[in-house]
């Protein structure tokens, strides 16, 4: 299986202004995730059986693979959605490996002109997979080129301009489009309706992350205790990408400090040093919560107001930080805006434990 990546896009990583470090707990891919490509390729599961977690998704895709192989057809077009870092790209590579085909990887922001996506489509061999990350960000022209490609296996190209313009149809080899998005509701209905499979990836449970940490540590030849793996899993925000990133940083710490293995104490001390607390919250998470409490009385407050007060981009707050804060019950979303929960106040040490239940019922 060949993996081809279409470059030319990406945003600079969010940095912790207090510590001057890349935020270890962001679920977005950081440069270090790309630079450590050799280790990343070793850690990344290659087959569906090696993929840990997402049990229901694996069963659905296993059936799709078996059926497509039996009919000697490409997989149906599919849409994978959910928070970043949960394995959407990895799953597309696994599907390509299981089907014995190539996988071309790109992202919607890189497909600015019609020829960008036309070149990718024409270059696909029979059965190949085209993976488009952030597919909700496709521009209108690129999206409209996909419609006949997905439905009828053809590429409609306009030649000329004005009254002399004409459309030429180019036949395409059968292929599978896999779209990935964190915002499935942002897709247009015509595009969304053309996917035969639409599947959601959920946050991982702690026991699933423990298994992932143990597997990665074994591949990296890094001794780790069960308690050390548990400590990493608890602080990984339900996200494998973050779990593996934390493992690499703790491995650095253990090596420099002369520890042979990663114990609970080593993991906790290292993560405290990197400003990742017991629930995986980092400097920016706490900034968001404390700003809402100090400036807006805990809410309700709108997203743009939070962004202005914290100096963070509103999309970054909504797509990177907010999903986990909602998942663990630290934020509530209401028609009037976001509200900091009593559980979050308790975690920040702002109210006694016995008051937390009562405050959750306040308007």
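Here the Cβ of each residue, glycine as well, is placed from N, Cα and C on the backbone.
The region 'Disordered' annotation in Swiss-Prot covers 1-44.
Summarising the annotation, Swiss-Prot assigns region 'Large ATPase domain (RuvB-L)' to 13-204.
The ATP binding site annotation in Swiss-Prot covers 43, 44, 85, 88, 89, 90, 194, 204, 241. Non-local neighbourhood of residue 43 (ATP binding site): 215, 216, 219, 220, 244, each in the same chain, at least six residues away, with C-beta under 8 Å from its C-beta.
What Swiss-Prot lists as Mg(2+) binding site is 89. Note on residue 89 (ATP binding site): other Cβ atoms within 10 Å of its Cβ, all shown chains, come to 23.
According to Swiss-Prot, the region 'Small ATPAse domain (RuvB-S)' annotation covers 205-275.
Residues or ranges marked as region 'Head domain (RuvB-H)' by Swiss-Prot on the basis of sequence analysis: 278-363.
What Swiss-Prot records for 333, 338 is DNA binding site, and it gives sequence analysis as the kind of evidence. The DSSP secondary structure for residue 333 (DNA binding site) is strand. Taking Cβ-Cβ distances under 8 Å and a sequence gap of 6 or more within the same chain, the neighbours of residue 333 (DNA binding site) are 326, 339.
Secondary structure at residue 338 (DNA binding site), taken from DSSP and collapsed to helix, strand or coil, is strand.
Comparing residue 89 (ATP binding site) with residue 338 (DNA binding site), their Cα atoms are 31 Å apart once rounded. For the region 'Head domain (RuvB-H)' (278-363), DSSP puts the residue distribution at 49 helix, 9 strand, 28 coil. With helix defined as DSSP H, G or I and strand as E or B, the region 'Small ATPAse domain (RuvB-S)' (205-275) counts 51 helix, 2 strand, 18 coil.
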